[in-house]
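Below is one structure, written out as structure tokens, with a few remarks after it.
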Amino acid sequence: MSNNNYPPPPNPPNYQGEEQVHNVQPDLENNQEKYYAEQPQPSQQFEESFKIDKPKWNDWPFTVFFLLTVAGFIAIAGITLNALKKTYGLQGSSIYNSTDTFTLNTNTIILFGFIIVVGVVLSVLIIVYARMAPRVFITTGLILNIILGLGTCIYYFVAHYYSAAIVFLVFTLFTAWCYWSCRHRIPFSATVLEITIDVMKRYPSTLITSFIGIIVSGLFSTLFSVVIVATYVKYDPDSQGCDVAGGGCSQSKLIGVLVFVFFAGYYISEVIKNVIHITIAGIYGTWYYLSNSDQGEPKHPALGAFKRAMTYCFGSVCFGSLIVSIIQLIRSFVQILKQNAFGSGDNCAGCGFLILDFVLGFIDWIVRYFNHYAYCYVALYGKSYLKSARDTFDLIRFKGMDALINDCFINTSLNLYSMFVGYVVALLAYFYLKFTDPAYNSSGTFYAPVVAFSFLISGQITRIALTVISSGISTFFVALAKDPEVFQMTNRDRFDEIFRNYPQVLQKITSDH
């Protein structure tokens, strides 16, 4: 069908023989005024473009609950860190003795700079490669993933680790089957990847937002880890920290405090991650709906999206994050019980907990995946979490397989290339230490920590771009499923390309929850 048959915008495309609308009660025809009111309106102010229906403060009780959780975590951190500080000399100050102390001399400064520069350069090259040859990028990533899984399977068979070998063989065969049966969808995924990267280049604030999020998450993860150790120091009955002010010690108190610390840590981490996701989704939403409007797009979309995520929509963020945090906490307990069962020789109970852990892990993945799209609705339309969840259910009901395949293709490739960057930087760091031979590594004891540090840091650098691409892809898919006529009107050539590779773009989802 010729692409010249598009009707005049702003109506949806009307190709003969194509189903156009998935009507979800109430239907579009009876609610056009209210339906189109959901779309962001042109304005110079982000708050005016992305208006929120009353009540503006969505899901506010969960904001209160989150703030109480943060206050409790801060209180426990203050007590336990004080105990850790006062017993620091008894705990030991380093893994290594004084003769092996790792000092920041010129050599290490150059090494850190070298790691960061190489990681950034390789990450940029990967993005350039993905933009220039998206189909080859995705196909290569998927094939390499299959080869890597097959190689791991063969290694485990050679090592006579048959249980792991069979698991990897099953997953590798399943991955190969998915690739072969769904390979015709790669062109659509490639087009979406192109568009997402182009928007990322147009809005550098997406990368800045992700970078800030990585730093904040890293700092909190460090604090979280230290508080866990400090909790043992303060409340373990056999610890020297029992004599420090802040309450007595007992096994029950230790377990109770640890439960809260783990819950609070998971909860706060989830909230941080989702605030960043909503902020980036708001930037992509600005581009999708308003970049080509006559009045222009709002100024400072990143700041406006972040402000809304931290105010009107923060309760919705806390609501969805709470669900994931509870699942994570339960799964952590199950993993502890599993380890204790196997450690005590009770293999029957251990297998039961192993199966339960797998089920909880699958549920955790489903909820995270669901939340990822639900928060796109929160970012774009300012709805409460439950209303966004119902819209997400409609999206998954009608286009869930399309979204899942698209995400799997792109994310698998991105994660594989990210791991490649980590391997390359870690190898270069090893050669750097080997050939410069710094004094602190004269005995070779710092190869492992420096190489591990290089791998982690380079991976974090690459994750900055990956987080943006992942959020951008999901936001674009949500907006395209809900309002394809907007993209048809503002990006006609791109829309034609998407239609050729993905005719289901005409199957518009309309809902009013």
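The backbone N, Cα and C atoms fix where each Cβ goes, glycine too.
Straight from Swiss-Prot, the features:
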type     : residues : note
TOPO_DOM : 1-60     : topological domain 'Cytoplasmic'
REGION   : 1-41     : region 'Disordered'
TRANSMEM : 61-81    : transmembrane segment
TOPO_DOM : 82-108   : topological domain 'Extracellular'
CARBOHYD : ASN97    : N-linked glycosylation site
TRANSMEM : 109-129  : transmembrane segment
TOPO_DOM : 130-136  : topological domain 'Cytoplasmic'
TRANSMEM : 137-157  : transmembrane segment
TOPO_DOM : 158-163  : topological domain 'Extracellular'
TRANSMEM : 164-182  : transmembrane segment
TOPO_DOM : 183-210  : topological domain 'Cytoplasmic'
TRANSMEM : 211-231  : transmembrane segment
TOPO_DOM : 232-251  : topological domain 'Extracellular'
TRANSMEM : 252-272  : transmembrane segment
TOPO_DOM : 273-309  : topological domain 'Cytoplasmic'
TRANSMEM : 310-330  : transmembrane segment
TOPO_DOM : 331-346  : topological domain 'Extracellular'
TRANSMEM : 347-367  : transmembrane segment
TOPO_DOM : 368-412  : topological domain 'Cytoplasmic'
TRANSMEM : 413-433  : transmembrane segment
TOPO_DOM : 434-460  : topological domain 'Extracellular'
CARBOHYD : ASN441   : N-linked glycosylation site
TRANSMEM : 461-481  : transmembrane segment
TOPO_DOM : 482-513  : topological domain 'Cytoplasmic'
Helix, strand and coil counts within the topological domain 'Cytoplasmic' (130-136) (DSSP): 6 helix, 0 strand, 1 coil
Summary of DSSP states over the topological domain 'Extracellular' (158-163), given as helix, strand and coil counts: 3 helix, 0 strand, 3 coil
Positions on the same chain near the topological domain 'Extracellular' (331-346), where near means CB under 8 A and six or more residues out: 262, 352-354, 356-357, 360-361, 364
Range from 61-81, 137-157, 211-231 with the greatest count of C-beta pairs under 8 A to the transmembrane segment (461-481): 211-231
Segment-segment contact (the transmembrane segment (252-272); the transmembrane segment (61-81)) at 3 or more Cβ pairs under 8 Å: yes
The transmembrane segment (211-231) and the transmembrane segment (61-81) contact flag, 3+ Cβ pairs under 8 angstroms: yes
Contact between the transmembrane segment (310-330) and the transmembrane segment (61-81) (3 or more Cβ pairs under 8 Å, separation 6+): yes
Distant-in-sequence neighbours of the topological domain 'Cytoplasmic' (368-412), which means Cβ under 8 A and at least six residues beyond its ends: 22, 24, 38, 40, 50-53, 58-59, 138, 141-142, 145, 178, 182, 185-186, 188-189, 192-193, 274, 277-279, 281-282, 285, 305, 308-309, 312-313, 315-317, 319-321, 323-324, 469-470, 473-475, 477-479, 481, 502, 504, 507, 509, 511, 513
For the topological domain 'Cytoplasmic' (183-210), sequence-distant contacts whose Cβ falls under 8 Å of one of its Cβ atoms, 6 or more beyond its ends: 127, 130-131, 134-135, 137-139, 276, 279-280, 283-284, 287, 301-302, 306, 402, 405-406, 409-410, 463-465, 467-469, 472-473, 476-477, 494, 497-498, 500-502
